[in-house]
Every structure is written in structure tokens, then in C-alpha cells.
Amino acid sequence: MEKSWFNLMFSKGELEYRSGLNKAMDSIENEKTTISKDRFIYDMDKNFYGWGERSSYYNNVDLLVSSKDIRNFISDDTFFVRDSNKNSYSIYFDIKKKKFEINNDLSDLEFFFYSYSYCSSSYLNNRSKSDNDPHYDPYIKDTKYNCNNHINSCIDSYFRSHICIDSHFLSDSNNSNESYIYNFICSESGKIRESKNYKIRTNRNRNNLMSSKDFDITKNYNQLWIQCDNCYGLMYKKVEMNVCEECGHYLKMTSSERIELSIDPGTWNPMDEDMVSTDPIKFHSGEEPYKNRIDSAQKTTGLTDAVQTGIGQLNGIPTALGVMDFKFMGGSMGSVVGEKITRLIEYATNQCLPLILVCSSGGARMQEGSLSLMQMAKISSVLCNYQSSKKLFYISILTSPTTGGVTASFGMLGDIIIAEPYAYIAFAGKRVIEQTLKKAVPEGSQAAESLLRKGLLDAIVPRNPLKGVVSELFQLHAFFPLNKNEIK
């Protein structure tokens, strides 16, 4: 049997194939193809995933000299691949004997691979569109994107027709013959372990296969990923400081995440955690009672209301901190939010502590009527005493979104007003303005960058240096870290 070697890139996520062999595999003729030296493909930077019991994931080839030749490439029985750890393997298909083998002893092939890898890479770099390539397909542009799509399609067609790796092997058949393949099982750690006696069988019972929990395995990991609001890309939920790795968009942070970002570990002491709303005006809408919405938000966020307040150390400097949480009913300001912030400011006044309020709110909470509006005046009053009478230092940090009554009260009363990049800051939202005034709101006019140019903000600071910037501002206003004797 003639063998041809070439290099593929594999990574999780592009094409999904459920391992299994066609019941009628004996009828498939064996294909033989040779590959000319000037049409080899190499580039193994990506991960390689072995065939598992249920599914395997293969990525497309990165680049070809001629897209048309992929049908010849994938028709061969042996594939030469390399994983992200630079380990080389050969994947061997024997259609006639129904074998599937992976060999990781390729020392004799290394020189062969590297010699042609260098030649082909040079050829790819020097080749221009004006060359008369006899293998050029006029319907496929010589771009990485189109080439990948074409190769994906070819690989998909080959495996579907020759190994029947889709719904074909799930269907019932009168043929009771069971197909077996020997497999190398890839462990979770990514290391390949040999299992000579391990077999994968095509099952004729569709219900047994479809009832497997493996088909719903992704449901168990929904909480691990988050989607960017701007580019819609998926990323690990614990991405550093909730900043999109692709486009740099700032994602929303919970109040607990912001406290962890700002306060030194082990120094946070929360205040008034047991304060909850009692539906003071017995608000009830046709959709859902206010009390039910409060209960639902508490279960979802683990908070009692839309703000966390407390005392902690920021780079060793004792600080009074209040952080609003947009996930709790849009960060709306009700009587509990107003009372907790008021008590925090009063405590900071008595203890002569610097104050930070991190704003993220849709405004006053309509379910509490005039009681929520009253919080604006109450907070502004205690802030006046804190700033004017005691001459203490208050930093307001505006995040996206900060709107309504929060913007009209303590959000814009800081001695220093800092905003995050691209933060949406306004009193009335764009839709409300356009429907009320019947005028279009210019794009970006309510963004932090626009407000900075108009003098409404003092600075726009990214999340990474924010803690250091605030610490320096505190020291400029004579708030210094505690010495070792004062730290308990």
C-alpha cells in the first residue's frame, strides 16, 4: 500500500466528527495518491486532538499551494501531524482492513518533513497571483479564508462518504455486522496513551446513542464563558479584568469583582449587609410584583440590594468604598441603596477616610416612587458635609452605564471624576431623548471620551492602572498607607 505524508493542523472546534465506521466499509475501495514535493503543506502550531469515544475535533488545513489538490491529499491512508507540543504523529487509515492507528515514533521522518517544509514555505512566500499555476481553481480565491473553507468542505465530504461519521451510522440497518477500530485514546491532560484492546463499536440503536449525556456536555460549562457585547466573541469568564481579548471592549463587572480589583486582599469589611427593601409603596405591575423581582435579583446575584459598601485598604490606605452592581435590577437606586451610601459617607466623615463611589446604574428605582428620588437629595446633603465642612476627599468612578438619578446626584459630585474607557454616561438615554425631542442623538455623544472633551470628566483611566492612579491621588491629598505598627 502506497503511503503519502503531509502535515495538517488540528484544533478543537472547527469540524466535529463522531467516531465510528460505516457498516458497509468493506465495499469501499482503497484510494492511493501520491503528492508531489512542491505541493506539501506544513504548519503545526495548533493543538491536535486524538479520536475520543464520542467525538473528535479537527481543524482545517491552514494553507495550500493549490486548493484543488486537497481531494488528493485527504484520499491517502496516512497523515503526518504535529501537536502544540511539537510532537509528531502519523495517523494511519486502512480502509480495507478497517484499521485506525496512531504512531508517535517518527524519528526517521523528521528530516523528510523539515526539508520539504522549508521548500514549500519558500514557494508560498514567493508565489504571486500572476503565476500560471496549472492547479489554480478560478472559482476559489487565493486567500486564507476561502482556502480554509474549501478544505473544510473537502475533508468533511471525504469523512462522511468513506468513514460515515455523522448520522449515517446512527440509523437502523438490517446489516447486523459491527465495525471495530483500534484507537489511541487521548487523555484529558493531552497525552496520548495506547490502548491496543480498546475498541469503538458502531451501535445500531439510535436511542442509546442519542440518550448519552455526552451530547449535552457543553451545558455543564455554560458558566465558564462570557460573550463580548461588541464583537460577540466568546472568552473565558475569568478573563483578566473583564476586558475582551479580541477587541478590547470593557465588559461589565460585578460589585464583588470590582471590590477584589480595588481592595487589598483580606482587608475588606462590609457594612449593612442585612439591609433589605420591604416594598414601601406596595408597588405592583401587571407583569411581576416588585417583591418578586427583589427576590429574583437576590437569588441571581447573591446580594441584598444593588450596592455593596464597606471599609478596606487600597495599597495600604484605609478607604471607604461603595460599589453599585448593575446586575441587581439595573443598579437602580432605591431606599436601601440610598441609605447604605448615606451611612457609608457618614462613617467616612466621622473617621476622616477618603471615599470612593463606583457608579453603575440605570437611575432611580421607579418601583419606590418618590422615595427613590429622595435618595438623590439625601446623598448629596451628606456629601456636602463630607466635602465642604470636613474638607475630605471623594473620588467618583463612572462605569458603563451610569445614567439617570445617579448621574444627576453623587455621580457628578466627586472632587475627582474618573470614567472607564468607552463608558456610557448620561442623564436620559438616547432612546428617551429621541422620542421626547424628536431629534437624533449624535453617535458617541454620551460616551466618556466625548464628555472628557467637554470638561465633564477629569480623567479616563483603564482598569489595569486604576488602583495605582487612585492610590497616588490619595497620597497627593495627604492620605498615606498605614505603617506596620498601625496595621493590625
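Note that Cβ sites are derived from N, Cα and C of the backbone, with glycine treated the same way.
For Cys228, Cys231, Cys244, Cys247, the entry in Swiss-Prot reads Zn(2+) binding site, with the evidence type sequence analysis. The domain 'CoA carboxyltransferase N-terminal' annotation in Swiss-Prot covers 224-488. Look at Swiss-Prot and you will find 228-247 tagged as zinc finger.
Within the chain, the zinc finger (228-247) has long-range Cβ neighbours (under 8 A, six or more residues past its boundaries) at 253, 257, 261, 463-464. Other Cβ atoms within 10 Å of the Cβ of Cys247 (Zn(2+) binding site), summed over all protein chains shown, number 12. Confidence annotation: the zinc finger (228-247) carries a mean pLDDT of 81 in the model.
Broken down by DSSP into helix, strand and coil, the zinc finger (228-247) contains 3 helix, 4 strand, 13 coil. Cys231 (Zn(2+) binding site) counts 13 other C-beta atoms within 10 Å of its own C-beta, drawing on all protein chains shown. Taking the centre of the Cβ atoms of Cys228, Cys231, Cys244, Cys247 as the Zn(2+) site, the nearby residues of that chain (Cβ within 8 Å, site residues left out) are Asp229, Asn230, Tyr232, Gly233, Glu245, Glu246, Gly248, His249. Proximity of Cys244 (Zn(2+) binding site) to non-local residues of its own chain (separation of 6 or more, Cβ distance below 8 Å) is seen for Cys228, Asn230, Cys231, Gly233, Met235, Tyr250, Leu251, given in sequence order.
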